[in-house]
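Taken from Swiss-Prot, the feature Cu cation 2 binding site applies to His105, His151, His493, supported by similarity to another entry. Taken from Swiss-Prot, the feature Cu cation 3 binding site covers His153, His424, His491, and the record attributes it to similarity to another entry. What Swiss-Prot records for His419, Cys492, His497, Met502 is Cu cation 4 binding site, and it gives similarity to another entry as the kind of evidence. Per Swiss-Prot, domain 'Plastocyanin-like 4' is recorded for 372-506. The site 'Plays a crucial role in the protonation steps' annotation in Swiss-Prot covers Asp114, Glu498.
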Amino acid sequence: MNLEKFVDELPIPEVAEPVKKNPRQTYYEIAMEEVFLKVHRDLPPTKLWTYNGSLPGPTIKANRNEKVKVKWMNKLPLKHFLPVDHTIHAGHHDEPEVKTVVHLHGGVTPASSDGYPEAWFSRDFEATGPFFEREVYEYPNHQQACTLWYHDHAMALTRLNVYAGLAGFYLISDAFEKSLELPKDEYDIPLMIMDRTFQEDGALFYPSRPNNTPEDSDLPDPSIVPFFCGETILVNGKVWPYLEVEPRKYRFRILNASNTRTYELHLDNDATILQIGSDGGFLPRPVHHQSFSIAPAERFDVIIDFSAYENKTIVLKNSAGCGQDVNPETDANIMQFKVTRPLKGRAAKTLRPIFKPLPPLRPSRADNERTLTLTGTQDKYGRPILLLDNQFWNDPVTENPRLGSVEVWNIVNPTRGTHPIHLHLVQFRVIDRRPFDTDIYQSTGEIVYTGPNEAPPLHEQGYKDTIQAHAGEVIRIIARFVPYSGRYVWHCHILEHEDYDMMRPMDIIQ
(Lines of atoms letter the chains of each structure in order from A and count residues from 1; the text may use other names and numbers.)
(Lines give C-alpha, C1' and ligand atoms only; values in the text may rest on other atoms or scores of the structure.)
Protein backbone atom coordinates (compact mmCIF):
# COMPACT_ATOMS: atom_id res chain seq x y z
CA MET A 1 0.00 0.00 0.00
CA ASN A 2 1.48 3.32 -1.10
CA LEU A 3 0.49 5.76 1.65
CA GLU A 4 1.53 9.40 1.64
CA LYS A 5 4.87 9.82 3.34
CA PHE A 6 5.98 12.18 6.08
CA VAL A 7 2.52 13.29 7.24
CA ASP A 8 2.63 11.80 10.76
CA GLU A 9 4.97 13.03 13.47
CA LEU A 10 7.43 10.55 14.93
CA PRO A 11 6.23 9.37 18.35
CA ILE A 12 8.82 9.25 21.13
CA PRO A 13 8.27 6.12 23.24
CA GLU A 14 7.11 6.89 26.76
CA VAL A 15 9.42 6.00 29.63
CA ALA A 16 8.05 3.24 31.85
CA GLU A 17 6.94 4.32 35.32
CA PRO A 18 7.85 1.91 38.13
CA VAL A 19 5.17 0.64 40.47
CA LYS A 20 7.69 0.67 43.32
CA LYS A 21 11.22 2.02 43.64
CA ASN A 22 13.62 1.93 46.55
CA PRO A 23 17.42 1.75 46.95
CA ARG A 24 17.34 -2.04 46.62
CA GLN A 25 15.24 -2.47 43.48
CA THR A 26 12.90 -0.94 40.90
CA TYR A 27 9.69 -2.85 40.16
CA TYR A 28 7.54 -2.55 37.03
CA GLU A 29 4.33 -4.19 35.88
CA ILE A 30 3.88 -4.26 32.11
CA ALA A 31 0.85 -5.80 30.44
CA MET A 32 0.54 -7.24 26.94
CA GLU A 33 -2.69 -5.82 25.58
CA GLU A 34 -4.66 -5.81 22.34
CA VAL A 35 -5.38 -2.25 21.23
CA PHE A 36 -6.27 -0.32 18.09
CA LEU A 37 -3.77 2.41 17.18
CA LYS A 38 -3.49 4.89 14.31
CA VAL A 39 -0.31 4.13 12.40
CA HIS A 40 -0.99 6.59 9.57
CA ARG A 41 -3.21 9.59 9.01
CA ASP A 42 -5.10 7.92 6.15
CA LEU A 43 -5.59 4.47 7.69
CA PRO A 44 -8.27 3.40 10.15
CA PRO A 45 -6.90 2.24 13.52
CA THR A 46 -4.91 -0.99 13.33
CA LYS A 47 -5.32 -3.92 15.70
CA LEU A 48 -1.99 -4.47 17.48
CA TRP A 49 -0.63 -6.46 20.39
CA THR A 50 1.38 -4.13 22.58
CA TYR A 51 3.16 -3.68 25.88
CA ASN A 52 1.07 -1.26 27.97
CA GLY A 53 -0.94 -0.17 24.95
CA SER A 54 1.80 1.42 22.85
CA LEU A 55 4.12 0.54 19.97
CA PRO A 56 6.96 0.52 20.85
CA GLY A 57 6.21 -0.50 24.42
CA PRO A 58 7.34 1.80 27.24
CA THR A 59 11.09 2.34 27.39
CA ILE A 60 12.66 0.91 30.53
CA LYS A 61 15.60 3.04 31.67
CA ALA A 62 18.02 1.59 34.19
CA ASN A 63 21.35 2.56 35.68
CA ARG A 64 24.20 0.10 35.78
CA ASN A 65 23.85 -2.27 38.77
CA GLU A 66 20.29 -1.11 39.43
CA LYS A 67 18.24 -4.24 40.13
CA VAL A 68 15.10 -4.12 38.02
CA LYS A 69 12.16 -6.48 38.39
CA VAL A 70 9.36 -6.71 35.84
CA LYS A 71 6.10 -8.61 36.05
CA TRP A 72 5.21 -9.26 32.43
CA MET A 73 1.46 -9.89 32.29
CA ASN A 74 -0.36 -11.53 29.39
CA LYS A 75 -3.76 -9.86 28.95
CA LEU A 76 -4.16 -10.87 25.32
CA PRO A 77 -7.14 -12.66 23.71
CA LEU A 78 -7.20 -16.44 23.65
CA LYS A 79 -7.17 -16.59 19.83
CA HIS A 80 -4.43 -15.15 17.65
CA PHE A 81 -5.41 -12.68 14.94
CA LEU A 82 -2.49 -13.74 12.72
CA PRO A 83 -2.19 -17.16 11.00
CA VAL A 84 -0.85 -19.77 13.45
CA ASP A 85 0.75 -22.88 11.94
CA HIS A 86 0.05 -25.78 14.32
CA THR A 87 2.33 -28.17 12.40
CA ILE A 88 5.66 -26.61 13.37
CA HIS A 89 7.56 -27.52 16.51
CA ALA A 90 5.78 -26.95 19.79
CA GLY A 91 2.62 -25.83 17.99
CA HIS A 92 0.66 -28.46 19.87
CA HIS A 93 -3.13 -28.41 19.84
CA ASP A 94 -3.26 -29.19 23.56
CA GLU A 95 -1.45 -25.94 24.37
CA PRO A 96 -2.99 -22.46 24.35
CA GLU A 97 -2.91 -20.84 20.93
CA VAL A 98 -1.65 -17.56 22.37
CA LYS A 99 1.57 -17.97 24.33
CA THR A 100 4.05 -15.28 25.33
CA VAL A 101 7.41 -14.94 27.01
CA VAL A 102 9.66 -11.88 27.12
CA HIS A 103 13.35 -11.83 26.19
CA LEU A 104 15.59 -8.89 27.04
CA HIS A 105 17.68 -8.94 23.89
CA GLY A 106 21.34 -8.32 24.70
CA GLY A 107 20.72 -8.57 28.42
CA VAL A 108 23.12 -10.47 30.66
CA THR A 109 20.31 -12.11 32.54
CA PRO A 110 19.80 -15.16 34.79
CA ALA A 111 18.38 -18.09 32.84
CA SER A 112 15.06 -18.01 34.70
CA SER A 113 14.49 -14.42 33.48
CA ASP A 114 15.96 -14.75 29.99
CA GLY A 115 12.72 -15.56 28.18
CA TYR A 116 13.44 -19.16 27.17
CA PRO A 117 11.00 -20.08 24.38
CA GLU A 118 9.47 -22.95 26.37
CA ALA A 119 9.10 -20.80 29.49
CA TRP A 120 5.93 -19.37 27.92
CA PHE A 121 2.77 -18.39 29.76
CA SER A 122 -0.80 -17.82 28.65
CA ARG A 123 -3.27 -15.16 29.73
CA ASP A 124 -3.11 -14.50 33.48
CA PHE A 125 -0.61 -17.39 33.82
CA GLU A 126 -3.48 -19.90 33.43
CA ALA A 127 -1.11 -22.24 31.57
CA THR A 128 2.67 -22.28 31.49
CA GLY A 129 5.38 -24.01 29.50
CA PRO A 130 7.68 -26.78 30.75
CA PHE A 131 10.53 -24.36 31.50
CA PHE A 132 8.42 -21.66 33.18
CA GLU A 133 9.90 -20.65 36.55
CA ARG A 134 8.73 -17.20 37.60
CA GLU A 135 6.12 -14.51 37.06
CA VAL A 136 8.47 -11.66 37.98
CA TYR A 137 11.69 -11.36 35.96
CA GLU A 138 14.91 -10.03 37.46
CA TYR A 139 17.42 -7.92 35.54
CA PRO A 140 20.66 -7.18 37.46
CA ASN A 141 21.91 -4.64 34.87
CA HIS A 142 25.60 -5.25 35.58
CA GLN A 143 26.40 -4.27 31.97
CA GLN A 144 27.98 -1.11 30.66
CA ALA A 145 25.76 1.55 29.08
CA CYS A 146 24.01 0.08 26.05
CA THR A 147 20.84 0.00 23.98
CA LEU A 148 18.86 -3.20 24.51
CA TRP A 149 15.32 -4.13 23.55
CA TYR A 150 12.69 -6.49 24.84
CA HIS A 151 10.41 -8.58 22.67
CA ASP A 152 8.35 -11.72 22.63
CA HIS A 153 10.18 -15.03 22.31
CA ALA A 154 7.45 -17.68 22.54
CA MET A 155 8.12 -21.02 20.92
CA ALA A 156 6.90 -21.18 17.30
CA LEU A 157 5.10 -17.83 17.68
CA THR A 158 7.90 -15.26 17.84
CA ARG A 159 7.45 -14.13 14.22
CA LEU A 160 3.72 -13.50 14.78
CA ASN A 161 3.88 -11.96 18.25
CA VAL A 162 6.64 -9.51 17.33
CA TYR A 163 4.90 -8.69 14.04
CA ALA A 164 1.75 -7.97 16.06
CA GLY A 165 3.71 -5.34 18.02
CA LEU A 166 5.34 -6.92 21.07
CA ALA A 167 8.62 -4.98 21.26
CA GLY A 168 10.11 -2.12 23.28
CA PHE A 169 13.40 -0.45 24.26
CA TYR A 170 15.49 -1.06 27.39
CA LEU A 171 18.32 1.43 27.96
CA ILE A 172 21.15 1.00 30.47
CA SER A 173 23.21 4.03 31.49
CA ASP A 174 26.35 4.35 33.59
CA ALA A 175 28.72 6.97 34.96
CA PHE A 176 31.06 6.69 31.98
CA GLU A 177 28.27 7.44 29.51
CA LYS A 178 27.14 10.40 31.60
CA SER A 179 30.67 11.81 31.51
CA LEU A 180 30.66 11.99 27.70
CA GLU A 181 29.54 15.09 25.83
CA LEU A 182 26.67 13.33 24.08
CA PRO A 183 23.23 14.67 23.20
CA LYS A 184 20.82 13.79 25.99
CA ASP A 185 17.21 14.10 27.14
CA GLU A 186 15.03 15.26 24.22
CA TYR A 187 18.04 15.02 21.89
CA ASP A 188 18.55 11.29 22.62
CA ILE A 189 15.87 9.42 20.65
CA PRO A 190 15.36 5.67 20.13
CA LEU A 191 14.20 4.66 16.64
CA MET A 192 12.53 1.26 16.17
CA ILE A 193 12.33 0.44 12.45
CA MET A 194 10.02 -2.31 11.18
CA ASP A 195 8.31 -3.25 7.91
CA ARG A 196 4.65 -4.20 7.64
CA THR A 197 1.89 -4.76 5.10
CA PHE A 198 -1.54 -3.24 5.67
CA GLN A 199 -4.95 -3.90 4.22
CA GLU A 200 -7.32 -1.12 3.12
CA ASP A 201 -9.19 -1.28 6.44
CA GLY A 202 -5.95 -0.71 8.37
CA ALA A 203 -5.55 -4.34 9.42
CA LEU A 204 -2.14 -5.94 9.48
CA PHE A 205 -1.57 -8.50 6.75
CA TYR A 206 0.69 -11.49 7.31
CA PRO A 207 0.73 -14.34 4.76
CA SER A 208 -0.93 -17.63 5.64
CA ARG A 209 1.03 -19.55 2.96
CA PRO A 210 4.25 -19.03 1.01
CA ASN A 211 4.03 -16.93 -2.14
CA ASN A 212 2.91 -18.73 -5.32
CA THR A 213 1.53 -21.76 -3.46
CA PRO A 214 -0.81 -23.65 -5.86
CA GLU A 215 -4.47 -23.82 -4.86
CA ASP A 216 -4.35 -27.64 -4.77
CA SER A 217 -1.19 -27.76 -2.64
CA ASP A 218 -1.19 -30.12 0.32
CA LEU A 219 0.62 -27.54 2.45
CA PRO A 220 -0.99 -26.92 5.83
CA ASP A 221 -3.27 -23.91 5.91
CA PRO A 222 -2.09 -21.75 7.61
CA SER A 223 1.55 -22.55 6.90
CA ILE A 224 4.72 -20.89 8.07
CA VAL A 225 6.50 -18.86 5.38
CA PRO A 226 10.29 -18.83 4.89
CA PHE A 227 10.57 -15.02 5.10
CA PHE A 228 8.45 -11.88 5.25
CA CYS A 229 9.06 -8.51 3.58
CA GLY A 230 6.58 -5.69 4.08
CA GLU A 231 6.54 -2.75 1.70
CA THR A 232 5.49 -0.20 4.34
CA ILE A 233 8.09 1.08 6.82
CA LEU A 234 7.22 2.16 10.35
CA VAL A 235 9.40 4.01 12.82
CA ASN A 236 8.25 4.00 16.44
CA GLY A 237 4.87 2.70 15.32
CA LYS A 238 4.15 5.33 12.63
CA VAL A 239 4.32 4.88 8.86
CA TRP A 240 7.06 7.00 7.24
CA PRO A 241 6.99 9.66 9.97
CA TYR A 242 8.74 13.01 10.20
CA LEU A 243 10.65 14.54 13.09
CA GLU A 244 11.15 18.27 13.55
CA VAL A 245 14.66 18.90 14.86
CA GLU A 246 16.83 21.83 15.85
CA PRO A 247 20.02 22.66 13.92
CA ARG A 248 22.21 20.72 16.34
CA LYS A 249 23.48 17.21 17.04
CA TYR A 250 21.06 14.42 17.96
CA ARG A 251 21.70 10.95 19.26
CA PHE A 252 19.61 8.20 17.67
CA ARG A 253 19.55 4.62 18.91
CA ILE A 254 18.52 2.75 15.77
CA LEU A 255 17.04 -0.74 16.12
CA ASN A 256 16.01 -3.02 13.27
CA ALA A 257 12.92 -4.75 14.71
CA SER A 258 11.82 -6.28 11.39
CA ASN A 259 11.17 -9.99 11.00
CA THR A 260 13.39 -10.60 7.96
CA ARG A 261 14.44 -7.34 6.33
CA THR A 262 17.98 -5.95 6.48
CA TYR A 263 18.30 -2.22 5.74
CA GLU A 264 21.11 -0.25 4.14
CA LEU A 265 20.60 3.18 5.67
CA HIS A 266 21.86 6.55 4.48
CA LEU A 267 20.79 10.20 4.41
CA ASP A 268 19.58 11.58 1.08
CA ASN A 269 21.93 14.57 1.33
CA ASP A 270 24.92 12.23 1.78
CA ALA A 271 25.67 13.68 5.21
CA THR A 272 27.89 11.60 7.47
CA ILE A 273 26.39 9.49 10.22
CA LEU A 274 28.71 9.09 13.21
CA GLN A 275 28.36 5.73 14.96
CA ILE A 276 29.38 5.68 18.61
CA GLY A 277 28.01 2.33 19.76
CA SER A 278 26.69 -1.05 18.68
CA ASP A 279 24.70 -3.82 20.35
CA GLY A 280 26.61 -4.10 23.62
CA GLY A 281 27.77 -0.54 24.20
CA PHE A 282 30.24 2.04 22.96
CA LEU A 283 32.70 1.29 20.19
CA PRO A 284 36.45 1.62 20.88
CA ARG A 285 36.29 4.77 18.73
CA PRO A 286 33.58 6.49 16.67
CA VAL A 287 33.03 5.42 13.06
CA HIS A 288 31.91 7.67 10.19
CA HIS A 289 29.36 6.18 7.78
CA GLN A 290 27.92 7.31 4.48
CA SER A 291 25.69 4.25 4.75
CA PHE A 292 25.49 1.14 6.91
CA SER A 293 23.81 -2.25 6.90
CA ILE A 294 21.62 -3.15 9.88
CA ALA A 295 20.15 -6.66 10.15
CA PRO A 296 17.21 -7.76 12.29
CA ALA A 297 17.90 -7.17 16.02
CA GLU A 298 21.10 -5.15 15.50
CA ARG A 299 21.42 -1.72 17.09
CA PHE A 300 23.42 1.27 15.84
CA ASP A 301 23.97 4.11 18.32
CA VAL A 302 24.62 7.16 16.13
CA ILE A 303 25.01 10.93 16.09
CA ILE A 304 23.52 13.03 13.27
CA ASP A 305 24.56 16.67 13.10
CA PHE A 306 21.84 18.95 11.67
CA SER A 307 23.62 22.23 12.46
CA ALA A 308 24.45 22.98 8.80
CA TYR A 309 20.95 22.25 7.48
CA GLU A 310 18.68 24.86 9.04
CA ASN A 311 15.26 25.07 7.29
CA LYS A 312 16.03 22.02 5.16
CA THR A 313 14.55 18.54 5.06
CA ILE A 314 16.60 15.35 5.07
CA VAL A 315 15.26 11.86 4.42
CA LEU A 316 16.65 8.71 6.00
CA LYS A 317 16.70 6.27 3.07
CA ASN A 318 17.13 2.54 2.53
CA SER A 319 18.90 1.05 -0.48
CA ALA A 320 18.57 -2.66 0.37
CA GLY A 321 15.80 -4.68 -1.22
CA CYS A 322 14.05 -7.59 0.45
CA GLY A 323 13.27 -10.43 -1.92
CA GLN A 324 13.24 -7.90 -4.79
CA ASP A 325 14.76 -4.54 -5.67
CA VAL A 326 14.01 -1.65 -3.37
CA ASN A 327 11.02 0.45 -4.51
CA PRO A 328 11.72 4.22 -4.61
CA GLU A 329 8.06 4.90 -3.73
CA THR A 330 7.88 2.63 -0.68
CA ASP A 331 10.63 0.71 1.10
CA ALA A 332 13.40 3.04 -0.09
CA ASN A 333 12.13 5.52 2.50
CA ILE A 334 12.39 5.37 6.29
CA MET A 335 11.60 8.79 7.79
CA GLN A 336 12.12 12.52 7.30
CA PHE A 337 13.95 15.09 9.41
CA LYS A 338 12.71 18.68 9.21
CA VAL A 339 15.35 21.08 10.51
CA THR A 340 12.74 23.71 11.36
CA ARG A 341 12.80 24.07 15.14
CA PRO A 342 14.65 27.05 16.61
CA LEU A 343 17.84 26.25 18.47
CA LYS A 344 17.29 26.17 22.22
CA GLY A 345 20.22 27.13 24.41
CA ARG A 346 23.76 26.36 23.36
CA ALA A 347 24.67 23.32 21.33
CA ALA A 348 28.11 21.74 21.49
CA LYS A 349 30.06 22.58 18.35
CA THR A 350 32.10 19.40 18.49
CA LEU A 351 31.91 16.06 20.22
CA ARG A 352 34.97 15.00 22.14
CA PRO A 353 34.06 11.66 23.62
CA ILE A 354 37.04 9.73 24.90
CA PHE A 355 36.05 6.11 24.50
CA LYS A 356 37.65 3.17 26.24
CA PRO A 357 39.83 0.80 24.25
CA LEU A 358 38.69 -2.80 24.45
CA PRO A 359 41.00 -5.55 25.69
CA PRO A 360 42.95 -7.35 22.95
CA LEU A 361 41.44 -10.47 21.41
CA ARG A 362 43.33 -13.62 22.29
CA PRO A 363 41.62 -16.49 20.45
CA SER A 364 44.67 -18.72 20.92
CA ARG A 365 44.00 -18.68 24.66
CA ALA A 366 40.37 -19.81 24.34
CA ASP A 367 39.31 -22.79 26.43
CA ASN A 368 37.35 -24.35 23.58
CA GLU A 369 36.64 -23.90 19.88
CA ARG A 370 33.52 -24.99 18.00
CA THR A 371 32.69 -25.10 14.31
CA LEU A 372 28.98 -24.66 13.69
CA THR A 373 27.38 -24.74 10.26
CA LEU A 374 24.20 -23.08 9.03
CA THR A 375 22.33 -25.79 7.17
CA GLY A 376 18.89 -26.79 5.99
CA THR A 377 16.59 -29.52 4.77
CA GLN A 378 12.91 -29.97 3.89
CA ASP A 379 9.94 -31.17 5.89
CA LYS A 380 7.35 -33.70 4.71
CA TYR A 381 5.47 -30.96 2.88
CA GLY A 382 8.55 -29.85 0.97
CA ARG A 383 8.92 -26.66 3.00
CA PRO A 384 12.44 -25.46 3.82
CA ILE A 385 13.68 -26.00 7.36
CA LEU A 386 16.80 -24.05 8.24
CA LEU A 387 18.99 -25.57 10.93
CA LEU A 388 22.02 -24.91 13.09
CA ASP A 389 24.65 -27.61 12.58
CA ASN A 390 22.01 -30.02 11.22
CA GLN A 391 20.30 -30.18 14.60
CA PHE A 392 16.59 -29.71 15.25
CA TRP A 393 15.27 -27.84 18.28
CA ASN A 394 14.35 -31.04 20.11
CA ASP A 395 17.67 -32.79 19.51
CA PRO A 396 19.99 -33.18 22.53
CA VAL A 397 21.93 -30.09 23.56
CA THR A 398 25.30 -29.90 21.80
CA GLU A 399 26.47 -26.40 22.80
CA ASN A 400 27.41 -26.59 26.48
CA PRO A 401 30.10 -24.05 27.40
CA ARG A 402 31.49 -24.25 30.90
CA LEU A 403 30.69 -21.29 33.16
CA GLY A 404 33.58 -18.82 33.04
CA SER A 405 35.15 -20.33 29.94
CA VAL A 406 36.16 -18.49 26.78
CA GLU A 407 35.09 -20.07 23.50
CA VAL A 408 35.73 -19.36 19.84
CA TRP A 409 32.81 -20.18 17.54
CA ASN A 410 33.50 -20.63 13.83
CA ILE A 411 30.13 -20.06 12.15
CA VAL A 412 30.12 -21.50 8.63
CA ASN A 413 27.49 -20.22 6.21
CA PRO A 414 27.22 -22.25 2.98
CA THR A 415 23.65 -21.03 2.36
CA ARG A 416 22.70 -18.39 -0.20
CA GLY A 417 21.73 -15.67 2.27
CA THR A 418 22.97 -13.70 5.26
CA HIS A 419 21.74 -14.86 8.66
CA PRO A 420 21.85 -12.56 11.72
CA ILE A 421 23.06 -14.93 14.45
CA HIS A 422 22.17 -14.06 18.05
CA LEU A 423 23.60 -15.61 21.22
CA HIS A 424 21.73 -15.15 24.46
CA LEU A 425 23.53 -14.27 27.73
CA VAL A 426 26.79 -13.03 26.20
CA GLN A 427 28.20 -10.01 24.43
CA PHE A 428 30.78 -11.45 22.04
CA ARG A 429 33.40 -9.93 19.74
CA VAL A 430 34.19 -10.64 16.11
CA ILE A 431 37.65 -12.03 15.37
CA ASP A 432 37.52 -12.17 11.57
CA ARG A 433 35.72 -13.40 8.47
CA ARG A 434 37.05 -15.60 5.68
CA PRO A 435 35.45 -16.50 2.33
CA PHE A 436 35.23 -20.13 1.19
CA ASP A 437 34.06 -22.10 -1.85
CA THR A 438 30.44 -23.08 -1.21
CA ASP A 439 30.23 -25.38 -4.25
CA ILE A 440 33.10 -27.53 -2.98
CA TYR A 441 31.58 -27.49 0.49
CA GLN A 442 28.17 -28.62 -0.76
CA SER A 443 29.68 -31.50 -2.74
CA THR A 444 32.39 -32.69 -0.34
CA GLY A 445 31.82 -31.01 3.03
CA GLU A 446 35.35 -29.59 2.86
CA ILE A 447 36.01 -25.92 3.62
CA VAL A 448 38.35 -24.56 0.94
CA TYR A 449 39.13 -20.92 1.59
CA THR A 450 39.19 -18.52 -1.35
CA GLY A 451 40.79 -15.56 0.38
CA PRO A 452 42.60 -14.41 3.51
CA ASN A 453 41.15 -13.70 6.92
CA GLU A 454 39.46 -10.29 6.96
CA ALA A 455 39.44 -8.24 10.15
CA PRO A 456 36.00 -6.95 11.11
CA PRO A 457 35.13 -3.43 9.96
CA LEU A 458 35.41 -0.75 12.63
CA HIS A 459 31.70 -0.79 13.44
CA GLU A 460 31.89 -4.50 14.29
CA GLN A 461 34.86 -4.18 16.64
CA GLY A 462 32.76 -3.50 19.73
CA TYR A 463 30.63 -5.86 21.78
CA LYS A 464 27.95 -7.62 19.77
CA ASP A 465 25.08 -9.97 20.53
CA THR A 466 23.86 -10.27 16.93
CA ILE A 467 26.14 -10.60 13.92
CA GLN A 468 25.59 -10.89 10.18
CA ALA A 469 26.88 -14.28 9.03
CA HIS A 470 27.26 -13.68 5.30
CA ALA A 471 26.83 -16.33 2.63
CA GLY A 472 30.06 -18.06 1.69
CA GLU A 473 31.94 -16.93 4.77
CA VAL A 474 33.25 -18.37 8.00
CA ILE A 475 32.89 -15.79 10.74
CA ARG A 476 34.79 -16.30 13.99
CA ILE A 477 33.50 -14.87 17.24
CA ILE A 478 34.86 -15.08 20.78
CA ALA A 479 32.87 -14.94 24.00
CA ARG A 480 33.28 -15.49 27.72
CA PHE A 481 30.31 -17.37 29.11
CA VAL A 482 29.62 -15.55 32.36
CA PRO A 483 28.17 -14.89 34.89
CA TYR A 484 25.23 -17.33 34.97
CA SER A 485 24.77 -21.02 34.34
CA GLY A 486 21.59 -22.58 33.00
CA ARG A 487 19.61 -23.08 29.82
CA TYR A 488 19.80 -20.40 27.12
CA VAL A 489 19.48 -20.39 23.31
CA TRP A 490 21.26 -19.23 20.19
CA HIS A 491 19.50 -18.71 16.89
CA CYS A 492 19.06 -16.87 13.63
CA HIS A 493 17.17 -13.62 14.20
CA ILE A 494 15.21 -13.82 10.97
CA LEU A 495 12.09 -14.66 12.93
CA GLU A 496 10.63 -16.99 10.30
CA HIS A 497 13.87 -19.00 10.50
CA GLU A 498 14.01 -18.90 14.30
CA ASP A 499 10.51 -20.34 14.54
CA TYR A 500 11.32 -23.24 12.15
CA ASP A 501 13.92 -24.52 13.21
CA MET A 502 17.01 -22.33 13.24
CA MET A 503 17.32 -22.15 17.02
CA ARG A 504 19.12 -24.38 19.47
CA PRO A 505 19.24 -24.68 23.26
CA MET A 506 22.56 -23.90 24.91
CA ASP A 507 23.52 -25.08 28.41
CA ILE A 508 26.05 -23.10 30.43
CA ILE A 509 27.32 -25.76 32.83
CA GLN A 510 29.04 -25.43 36.19
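The count begins at 1 with the first shown residue.
Every residue gets a Cβ built from N, Cα and C, even glycine.
Classification of His419 (Cu cation 4 binding site) by DSSP places it within a strand.
Broken down with DSSP, the domain 'Plastocyanin-like 4' (372-506) shows 14 helix, 63 strand, 58 coil.
Closest to His153 (Cu cation 3 binding site) in space, going by CA atoms and restricting to the recorded positions Asp114, His497, Met502, is Asp114.
Checking each of the binding-site residues (His151, Cys492, His497) against Asp114 (site 'Plays a crucial role in the protonation steps'), the C-alpha distance stays within 10 Å for none of them. Note on Cys492 (Cu cation 4 binding site): other Cβ atoms within 10 Å of its Cβ, all shown chains, come to 26.
Surrounding the centroid of the Cβ atoms of His153, His424, His491, where the record places Cu cation 3, the chain contributes additional residues within 8 Å, namely His103, His105, Asp114, Gly115, Tyr116, Pro117, His422, Tyr488, Val489, Trp490, Glu498, Met503. The most densely surrounded of the binding-site residues His105, His151, His491, His493, His497, judged by C-beta neighbours within 10 angstroms, is His497.
Each residue contributes its Cα atom, and for His419 (Cu cation 4 binding site) and His493 (Cu cation 2 binding site) these two points are 7 Å apart.
When other Cβ atoms within 10 Å of the Cβ of His419 (Cu cation 4 binding site) are tallied across all protein chains shown, the result is 24. A simple way to gauge crowding: the CB of Asp114 (site 'Plays a crucial role in the protonation steps') has 24 other CB atoms within 10 angstroms, across all the protein chains here. Highest local Cβ density among the binding-site residues His153, His424 belongs to His153, counted as other Cβ atoms within 10 Å over all protein chains shown.
Annotation: His105 are the recorded positions among His105, His151, His493, Glu498, Met502 whose CA atoms are within 10 angstroms of the CA of His424 (Cu cation 3 binding site). Of the chain residues outside the Cu cation 4 site list His419, Cys492, His497, Met502, Leu374, Leu386, Leu388, Pro420, Ile421, His491, His493, Ile494, Glu498, Met503 have their Cβ within 8 Å of the site's Cβ mean position.
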